[in-house]
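According to TrEMBL:
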TRANSMEM  A:12-31  transmembrane segment
DOMAIN    A:94-307  domain 'ABC transmembrane type-1'
TRANSMEM  A:100-121  transmembrane segment
TRANSMEM  A:133-158  transmembrane segment
TRANSMEM  A:188-207  transmembrane segment
TRANSMEM  A:233-252  transmembrane segment
TRANSMEM  A:258-278  transmembrane segment
TRANSMEM  A:290-314  transmembrane segment
Amino acid sequence: MSVFILRRLMQSLVLLCVMTIIVFAGVYAIGNPIDILISPDATQAEYDRAVRALGLDLPLWQQYLVFLSKLVQGDLGKSFVFNEPALTLVFSRLPATLELAFAAMLLSIVIGIPLGLWAGLRPDSVAGRSIMAGSIFGFSLPNFWQGLMLIMVFSVFLQWLPAGGRGPTANFLGINSSLFTAEGWQHLLLPALNLALFKMSLVIRLTRAGVRETLLLDYVKFARAKGLSSRRVIFVHVFKNILIPLVTVIGLELGSVIAFAVVTETIFAWPGIGKLIIDSIFVLDRPVIVAYLIVIVLMFITINLIVDILYSVLDPRVRLADMKS
Amino acid sequence: MTEAVLKVENLQTHFFTKAGVVKSVDDVSFEVGRGKIMGLVGESGSGKSVSGFSIMGLVDHPGRVVGGRILFHGRDLVGLPDEEMRKIRGRRIAMIFQDPMMTLNPVLRIDTQMIETIQAHEKVDRETARQRSRDALGQVGIPSPDERLMAYPHQFSGGMRQRVVIALALAVNPKLVIADEPTTALDVTIQAQILYQMQKLVAEQHMGLIWVTHDLSVVAGLADELCVMYAGRIVERGPVGRLIDAPIHPYTKGLIGSVPSRNPRGQPLTQIPGMAPTPIDLPAGCPFRPRCARASDICRTTPETAEHLPGRFARCFHPHLEDAA
Ligand SMILES: Nc1ncnc2c1ncn2[C@@H]1O[C@H](COP(=O)(O)OP(=O)(O)OP(=O)(O)O)[C@@H](O)[C@H]1O
Ligand code: SF4
Ligand SMILES: [Mg+2]
């Protein structure tokens, strides 16, 4: 098991290096930051000084190494706009996004799995069909439109929930989050639901397909032939097997939920990282963009690692195959 | 046969498919006595598995038992409420499936799968159930059962898995075991070991055993009585020795003629001409008529089961009585 984790860690490290090259190439090598930093009417001497000061006269590979060594020290430069270290800026916005993403994933799991189970066990019932029809909506409605509709219905007409912004936060176990205040939850609910609907549909479809497939397998019939209650057959024999694809997909989707919360954060004026990156792209605030990309990639890698580990815990066949290799 | 464990009378199991009604089991009757082995032989698709599943109350949708009685110790299982049937399944009647690679749940340890079976039927604590599981594994010849209990199915070979399944089936001392081609997927030596073990267990525990197979040579040395199935019907039934030496139904005769070991050296194997019928468009009257050399006009009507010789039953208008008498 530890060998397995160690190997995955090594792979992650390689992945991270490759990623920094891409980020570096993408953001630093294409286009010249000097043009934005220095006023257009500066003299050639001033221009050269600035180029040298930023190390832009060095060969590309040396520039990369400089970038890398600064990165290792956690120095990604200061934001042109906020004049704060870019990394600090990203980290200050991250909790709001993480909170939103986790709430969305939680919603899609606690609603999606039971609905998917139901639809899988009773595919021909009215409820089963309705769930499937609903999941098609969840897939196909444009996210921004759906967000606006949620605001219209729940904030404007019913006036149950606030239309935007993040509620007050409270500190619990050193974590500052609006999850710990009632008002915070009220603010969170609509954006989380908006972000969750697509994933929820995905979870419903995956669960249903898994149940339908697994129910036909011999070992499920054998479990029934052993005289087990249908409860045990479904929640142990069937469920443990569909958990494998579910965990994989949910884990991977968690990354994308964080990265693509942009639309929801914009609609609901959620002060998260997605809103920050959109603003930064508009004003070409490169250090922030780089910091954002690095943090997102790190997060993807971490999530993938956790998924891999969970996967091997759930599926004994993976565990063995890994020990052999 | 004095004490019948199971008495099947005029069983009919049909599948109501879009293409039409599939009469997979059509008017089947037989008995299994205490400590007796009944061989159920027939080509692929003749309805052997469906007969077994009918007894277990596990016929898949869109199939249904539409007629007849299944008397288990005199009690009719047809139409029994789900919970009553669940208590019988696994506890009183156990079933062993054809493919040992598919019968055990890949993500659950062997001990989980054995203990849950025992606990589904008896109020015993985990430790007792575990000990009984271990004893059962030892009984079917699995070395170091304590260790093997902690293993996952993929860590066993096919033959070992089938032993695990047999141990599982026998751990609760059922009165009847339905073994659906349990050795077909295994190689010959392992097949012989398992056959021997089953025979021993039947004798020791005085249970009834239905051994389903399409391989006559397997049951020849094992069973007490044979039923030969063709297109959902039992065409011949009788004591194994006499039935194999002198079959009276033309289909059985063809079947035995096509077994290599039963033929004198140098004589060509006979082959039954034509194809096994698909159960959806059976010919009217005797289903074997298109392939039968003895067919006459009367065979356009359905032959009923008749006792042509003492203890020898067949569905045929022109049975081979010449050398059987
Ligand atoms: N779920 C189903 N839907 C429709 N028809 C079915 C279904 N299950 C079985 N049948 C039909 O019932 C018939 C008997 O099937 P069964 O599985 O009992 O055959 P078998 O004798 O066990 O064959 P084999 O030796 O291949 O296992 C087959 O012709 C099959 O088409
Ligand atoms: S009833 Fe007729 S067709 Fe059928 S097996 Fe007997 S002789 Fe052949
Ligand atoms: Mg079968």
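Backbone N, Cα and C define each Cβ position, glycine as well.
These figures come from a predicted structure and were not determined experimentally.
Residues 127-128, 131-132, 179, 188, 191-193, 195-197, 199-212, 215, 234, 239, 246, 250, 253-254, 257-258, 261, 264-265, 270, 272 of the same chain lie 6 or more positions beyond the ends of the transmembrane segment (A:100-121) yet place their CB under 8 Å from a CB of it. For the transmembrane segment (A:133-158), the partner stretch with the most Cβ pairs below 8 Å, chosen from A:12-31, A:233-252, A:258-278, A:290-314, is A:258-278. When each of the listed stretches A:188-207, A:233-252, A:258-278, A:290-314 is scored by C-beta pairs under 8 angstroms to the transmembrane segment (A:12-31), A:290-314 comes out highest. Count of Cβ pairs under 8 Å against the transmembrane segment (A:290-314): among A:188-207, A:233-252, A:258-278, the largest is for A:233-252.
When Cβ-Cβ distances below 8 Å are used as the criterion, the transmembrane segment (A:258-278) is approached by residues 89-90, 93-94, 96-98, 100-101, 104, 143-144, 147-148, 151, 163-166, 190-191, 194-195, 288-289, 292, 295-296, 299-300 of the same chain, each at least six residues removed from its ends.
Sequence-distant contacts of the transmembrane segment (A:188-207), counting only residues of its own chain at least 6 positions beyond either end whose CB sits under 8 Å from a CB of the stretch, comprise 99-101, 103-105, 107-109, 111-113, 115-117, 119-120, 131-132, 134-139, 141, 143, 146-147, 150-151, 154-155, 161-163, 166-167, 178-179, 242, 245-246, 249-250, 253, 257, 261, 264-265, 267-268, 270.
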